[in-house]
Structure formats: structure tokens, C-alpha cells
Amino acid sequence: MSAFDGVENQMNGPDSSPRLSQDPREPRSLLSSSCFPITLKFVDVCYRVKIHGMSNDSCNIKKLLGLKQKPSDETRSTEERTILSGVTGMISPGEFMAVLGPSGSGKSTLLNAVAGRLHGSNLTGKILINDGKITKQTLKRTGFVAQDDLLYPHLTVRETLVFVALLRLPRSLTRDVKLRAAESVISELGLTKCENTVVGNTFIRGISGGERKRVSIAHELLINPSLLVLDEPTSGLDATAALRLVQTLAGLAHGKGKTVVTSIHQPSSRVFQMFDTVLLLSEGKCLFVGKGRDAMAYFESVGFSPAFPMNPADFLLDLANGVCQTDGVTEREKPNVRQTLVTAYDTLLAPQVKTCIEVSHFPQDNARFVKTRVNGGGITTCIATWFSQLCILLHRLLKERRHESFDLLRIFQVVAASILCGLMWWHSDYRDVHDRLGLLFFISIFWGVLPSFNAVFTFPQERAIFTRERASGMYTLSSYFMAHVLGSLSMELVLPASFLTFTYWMVYLRPGIVPFLLTLSVLLLYVLASQGLGLALGAAIMDAKKASTIVTVTMLAFVLTGGYYVNKVPSGMVWMKYVSTTFYCYRLLVAIQYGSGEEILRMLGCDSKGKQGASAATSAGCRFVEEEVIGDVGMWTSVGVLFLMFFGYRVLAYLALRRIKH
């Protein structure tokens, strides 16, 4: 029995020849067939990872108790774990392959390997596309759908796919053609009824799980991939939704000549019948690869058959788990079943599979077509220009973030704070220096903590989507980052400007349009600097919980050294106030209200040297105002430092994002 019955006929048959469209710029011709056929081969694929651990389990307990450790306690043992071991298979254009196996069998690792997403010395073996190595050009024709649906929840289905089309389709296509391509994919995958519904997620009500999975597939179909790899696309779907989704995938393979590979955990019998080729994994080793219709006959030939009629997929998964019910009651234990099947595969099936792969060759005519189509004529595969990427990403960001930036609770938070400040300091007297200094410092605290804390979640929350889109080459890092910078300028400044507008005139701070505009400018610059701190910490740590803790401690240090709470900062901590955004904002707000300092000293009854004969306490207060409130940092120096922080923190955030591998 041949593992790949009829492979040679399919490779040389009429279905494998490329189908050229009359006008490659039309969306229907762009999506109706593969630009070139892809034959995927993988031979003896192995993947190993090294696990580092302590040789003595008591080492961690000793560290917690503060006990001394022996040199032997610090010796680390390195264990190498094999995820994949000698996996071999092949799939031709127009075929639908399913990778079966229990959890932890290596299905996702194999799919990442064949999709070109695993690199390094840990991966060995051959992975060939059209008898050649994986290249950047072939990766551009490979679509990868992850198990999790990584989509923006506030965008509608249409908006999601339109933005993808504008970013991923070649720049040679006009905008109208790209929009029609998005509409074509929406219609093809049956998303028309929900195209104007938000995608949603666990917390936001939106489309169903099956529809969300089809949106993820449409995300990749827009580039018209010749090879489509899907990691457990039916996970979380009911039987009917899973069947409809698999029917769609089978239609892409059989009707459009695409090469489709998917992993699936536990398919129904109806779903199993749609697979052309099945590959069964168990603990990283292959137990079967071949036509799905031949699987039961093969296992019967090696001594394993079900005692009663059952779903073939369930029987295969039982075998992969090392369990076989021979009479409906007893079970053979796992080691015997698994080892027997591995030995049978290595002896009977593996040689036939490798021979079939060796004798099948990709037609030279098709190879020349691929080279011409990708490198020469036809539609160029260049992505959008940098400026176009910036505009599209900025538009998408504004649509997605408007719900977060102008959330009702967030607006209530700012309005409530503004009203409380206005009532607490209602028409305060210009000579009530201590009261007004308290208000100015409260403003510095509130608009330092709030923007930094909100910004710290930006990049950690988008990490998964950002990594996937960068891996698919949708845009450059610089355009993505610049879109976030510009988006924050337009959205994050509305609330602080509204807060100050109400509070300033309710409190009746220094009258005049010029002092108000100066105060507003300082506050907005301070908000952007504080936001930059949050972006930098979030990008550097990339863990929302840890980053929020770090930014809270950092802002606490900035507040304590801001020049209001402590009369005399310890000499060892003086440096902290000079890196504090709160320190410079507070200095500027005081300077705008009371000038260079002579006026505020005069109001307190201090002479030019900061002395007063009334009492020692009052004299100490004068010295505090003179040394800490007025200080030795000028207005222009403070403005310059805030601008430096505004740019510096964002540069650090950009450099931190460059570390992320995709």
C-alpha cells in the first residue's frame, strides 16, 4: 500500500498547472486561483529545545530562606527535549492535509516549521517548497492562521479586512481594487451578514466564534496564498460550525488549487472524510502519513482495529495516546501500543513515503513560471509605501482607540476630578499661596500618574497582534510606532485640556489668556512626557502587570521628590528630583502663577534673603519656598528637560520594540 497513492499523477496532471487570469489587477482574478502551485515536502524534521533547571530542587528554598548555598547547589543541569523526531510528509497543490494528534504531540511546532517560522540550529531536516528551500518570495505566498484569533475587537469585520487589504496588497493596485478585493473575500467566506458588526472579544460582544475564525482566515486569503497553514482552526467551535469551516478550507484546496495544511484536535467523522492526507503524531513521532481513506486499513494491517464501528479520527487519537480497545472492555497500556506503532511506521510506511517524495519532482515549466511571476512580471509584491503605511495605521489606531480614550468611565474620572478641584479651590485668593501650591502640585500628580499608567498597557496589549502582523510583513516598525505617537497627540490631549479649561476658571487662577495658554502648554507637554515614560516601560517589559507595578513605583518616586512634600531631600536621593517629570512641571506651573519668585516671597512676608523675624517656623517656610519651590532650575531649562524627556522616552520605547522577534 502506497502512502501517497497517485501523487505523481497529481503533480503532472492538469490541475497542477498555473491558471493565469486575463487581468491580474482585478480582485476576482487576484483571489480566484493561486498565482503559482506549491508542493510542500518535509523530510526527517526534528526540533529540540534545551530546558535549563537546577540540579538540586532545594536550591530555591534555600534562596528564599537566605541560607548559604554550596557550589554544587548552583550547578545547573541542561535537559534537551525532543518536540519533533523525524517527521516526513508531502502535500501537493489542490490537496488538504490534516495533522492529528493529542495535546503536546508537536502539531503546532510542525506547522510553524513548515510555514517558515522556526529557525536556528534546533530545527533540523529538510523543508522544501517546490523542491527548493524556503525563501522570502515563497513566504510572501504563505498564509499562516494562528490558533488564537488576533484581531482588534472594536473594528468591524469590513474595517478589519479593508485595513489588511490596504496594507498587504501590492502597491501597484489602486485603492478601489484593494477595497473590492476585501469585499470579494467577505463574500467568499460568507461574512456578508456580519460585515458591519464589531469583531469583539471575551469582554466585548461581537461576532460568533466561527465568524471570528473566518475573519482570521480572510486576513490571510487577501494575499491569495498558494500555501495556507492553519493551527487548530476549529478549536472552540461546535460541530456544525467546525464542519462549515472545514468545508470552506476544502473548497480552497479542491476548487482553487491551494495547498492547505491544518492541525485539528478531534474532528468528527464528517470532517475527517474531507481530508485528502492525514498525518498522525504522538509525542513528536509520526505514526501514520498517507491518504485519509487508507488510515483504518493500514492500522488493521499492523494489528490494530476497533472492536466496534467508530469515528476514524477517535480511533486514531486513541492510538496516538497509546490506548486501544480491542474488545470494547480491556485496554493495552500506552508504552506497548505507541512503541509498536512507531516501529511499524519506521519499518513499513516511512521508506515508502521517502521514496515517493524522492521520485516526485516539481515541473520545470512551473518553476520557471514561479520565478517569472514573483521576480519579474505580473503583480509586484511590494507593500505600501512608508507614508501610506503611516496613514493607514493611524486611521486604524484612531478607530480602535477612540473607544478606550473616550470611555465613559474615563471621562467621568476626569470630569469628577475637575469638579472636585473647582469646588475645593473655588475662586481662591491670589494671596493664598499655600492653598494654590497644593492645587498646582495636585494637577502635577494627577496628570503625571494617569497618562503614564494608561500608556504602559499600550504595547503589551498589542504584542500578539503586532508580532503576527510584523511576521507577515504588513508594515515597518517605524511606521507602526510613528502612528502611535501621532495618535496619542490627537487623542490623549483632549481630556487634560478639558480638565484645565474648567478647573482654571473655576479656581480663578492668574487671569488672562496668556497665563492660561502657558499653563495649558506646560500641562500638555507634561502629559506627553509622562505618557512617554509609560510607553518606554511597557515596551521594555512587555508584561502589563509587571510594567504597571514599575510605573507606579517610578511615579511615586517622582511625586515624593517633586518639591512639595519634602523640605530637604536626602543628599543621596537629590538626583531623583532632577529626573522627575513632576519636579519640572510643578516648577513651571508655579513660575507661571507667581513669576520668578520675588512676588511669592513678598506675599509670605519674607525679605529678599528669605528671612522673617516673626518665628523660626515661618523663617523655615520662607527658606523652603526659596530653595525648593522656586529652586535653582530656570523656566527654559525645565521646558527643555520636558522636551528632552518627551523625545527620549519615545526613542527608548522604539529601541525596546526592536528587540521583539517575529
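Backbone N, Cα and C define each Cβ position, glycine as well.
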Swiss-Prot annotation of transmembrane segment - which of the ranges 489-509, 573-593 it falls on: 489-509
Distance, Asn122 (N-linked glycosylation site) to Pro102 (ATP binding site) (CA atoms, angstrom): 23
Lys107 (ATP binding site): tally of other CB atoms within 10 A of its CB: 25
Cβ-based neighbourhood (8 Å from the centroid) of the ATP site, residues Gly101, Pro102, Ser103, Gly104, Ser105, Gly106, Lys107, Ser108 excluded: Ser263, Leu281
Nearest-integer angstrom distance between the alpha carbons (Cα) of Ser105 (ATP binding site) and Asn122 (N-linked glycosylation site): 17
Chain-internal residues, separated by at least six, CB under 8 A from Gly101 (ATP binding site): Lys107, Ser263, Leu280, Leu281, Ser282, Leu317, Ala320
Tertiary contacts of the transmembrane segment (522-542), as residues 6+ beyond its ends and Cβ separation under 8 Å: 443-444, 447-449, 451-460, 463, 484, 488-489, 492-493, 496-497, 500, 550-551, 554-555, 581, 584-585, 588-589, 592, 639, 642-643, 645-650, 652-654, 656-657, 660
DSSP three-state assignment for Ser108 (ATP binding site): helix
Annotated stretches the transmembrane segment (406-426) and the transmembrane segment (547-567) touching (3 or more Cβ pairs under 8 Å): no
